[in-house]
Structure formats: C-alpha cells, structure tokens
Amino acid sequence: MKEDSALIIGGKNFSSRLMVGTGKYTSAEVMVESLLNTESEIVTVAVRRVQNHQNGENLLEKIDWEKFWMLPNTAGCANADEAVRIAILGRELAKLSGQEENNFVKLEVIPDKKYLLPDPIETLKAAEILIKKDFIVLPYINADPILAKKLEEIGCSTVMPLGSPIGSGQGLLNLSNISIIIENSNIPVIIDAGIGVPSEASQAMELGADGVLINSAIALAKDPLKMAKAMNHGVRAGREAFLAGRIEKQRLASASSPFTNISKK
C-alpha cells in the first residue's frame, strides 16, 4: 500500500483533496453550510462575479477566510489579456480577505460560450505572463496531455483537466487522456468540471488524480448539504482505493474460496 501525503500546491500543504466553488447556490447561507460539509480547504471565487454583482462583497464577508484558502478564478475571460487583468484583481481580493501571501489563481480562458471549453493557446499565453508576475497558476484545460506537460514545463503549479464541460454533470468522458496526464505529470493533477455524483469524484481519485474541484454538482443538488458530505466521502474513498491498489483485471475467473488442499474425507 502506498503511503499518503499532503496535497502540496505552490509550497502550501492541504489535507483535503476536494476543492469547491461558490457559484449557483440558492443563498449565501446554503453555500457556507455546504462548504463546511465538504471539509474542503480551498474555495474558488469568480473575481468578476464579486466585482460586478451587487452582493459580491457580501459573498466575501459570508465566508470565514481563516478556515478557507481563497482561489480567485478568471471565469468570464475570453483572452489572455483579460485573464491577466482579472488575476491581478483576484490577488488584491485575497489580500483584502486577510490572505496577504496568497498568489494563487485558477486560470480560465474561455471564449466558447456554448460549451465553455478553454482556449489552449490563450491559456498558455496567460500562464506564461502570470508566472513571471509570481502567481501560483492553476490552469483549467481540456484533457490534453501535450498541453498539460507544456504548462508544467513553464512553471504552473498544477494542471486542471476537465472531466467534461462545466456544469454538464457528464462525468469523466476522456479517461484515457486523463490517465496519461496523471501518469506524465510531476505536479498535482486536479480534475475540474463535469463531475456529477460522488462515484465520479471517486473514479477520478482512483485513477490517481491529486484532487477534484466541484461546484455545480453540490450547488444544484436537491439537497446541497447532503451532497457536499457525499462528495467529501467520495473523494476520500477514491483516494484510499488508489493508495490501497486495485486488483489486476484478468479474463478468467478466480475463486475467492479455492478448493485446493481441502480434505475429501
């Protein structure tokens, strides 16, 4: 059995491998209770939502930032220039919340309004700029092993391949490429987007992913508080299964109660 260790991103240790979002909840109260039920440590916040929404400041005030590490994201940005500008604003938001040393940014560059698929070229361009500005960059990408490796090589702190389109609840549609990314990566791999139920979160962890990021599946569940707990259990179970090591698949059956060396008397 493999020994477990902390999730380390940008030199910071985290005990939870479940990251969560703050969008789509019916109320701030439901959001906060759900966040607590996940036992997560990293919470992502859409900078533009806080910036533009009249209740944006209220969102920041509702969350106890001594319990959670803020992960500002650049959702709503269609090109690298926009993403860099919003990332800089996000760093200031983190400071306003009391996290002076927080340089984390979840990099999203999405010009596609229908399927919300990330732009690989603009993502790479933005990542290069942000790394030079001392950001801890967590880029959201398609399940593209070549892009993932390139982002690692330029200095990203994680890669975050999608399971399926944002909010679709379709689960992990490209297991082969996700597995290749995990196999080739020397930085944490966080599966982001598309997870709909705890079994899919567990599946991602069983593959060897270092964590998952979930928002819609919790926020839009009939009972977000219960789903938050369930996702926590799913991630933990998947991680334990990965560490334990699954049995090898084989074509033929193998009796669990063999008849060899049994007395015939």
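Backbone N, Cα and C atoms are what each Cβ position is placed from, and that goes for glycine too.
Note that the coordinates shown come from a computational prediction; the quantities given were computed from them, not determined experimentally.
Other C-beta atoms found within 10 angstroms of the C-beta of K106 (active site, schiff-base intermediate with DXP) number 28, with every protein chain shown included. Annotated active site, schiff-base intermediate with DXP per Swiss-Prot: K106, in sequence order, evidence recorded as sequence analysis.
According to Swiss-Prot, the feature 1-deoxy-D-xylulose 5-phosphate binding site maps to G167, A193, G194, N215, S216, an assignment based on sequence analysis. Taking the Cβ of G167 (1-deoxy-D-xylulose 5-phosphate binding site) as reference, residues of its chain lying under 8 Å away and at least six apart in sequence are, in sequence order, K24, L116, A193, N215, S216, L220. Following the DSSP three-state reduction, the secondary structure of G167 (1-deoxy-D-xylulose 5-phosphate binding site) is coil.
Spanning the listed 1-deoxy-D-xylulose 5-phosphate site, residues G167, A193, G194, N215, S216 have a farthest Cα to Cα distance of 9 Å. Distance noted between the C-alpha atoms of K106 (active site, schiff-base intermediate with DXP) and G194 (1-deoxy-D-xylulose 5-phosphate binding site) is 17 Å.
Report note: the 1-deoxy-D-xylulose 5-phosphate site is defined by G167, A193, G194, N215, S216, and the residues of the same chain whose CB lies within 8 Å of the CB centroid of those residues, excluding them, are P165, I166, S168, G169, I195, I214, A217. The secondary structure of G194 (1-deoxy-D-xylulose 5-phosphate binding site), as reduced to three states from DSSP, is coil rather than helix or strand. In the three-state DSSP scheme, K106 (active site, schiff-base intermediate with DXP) is classed as strand.
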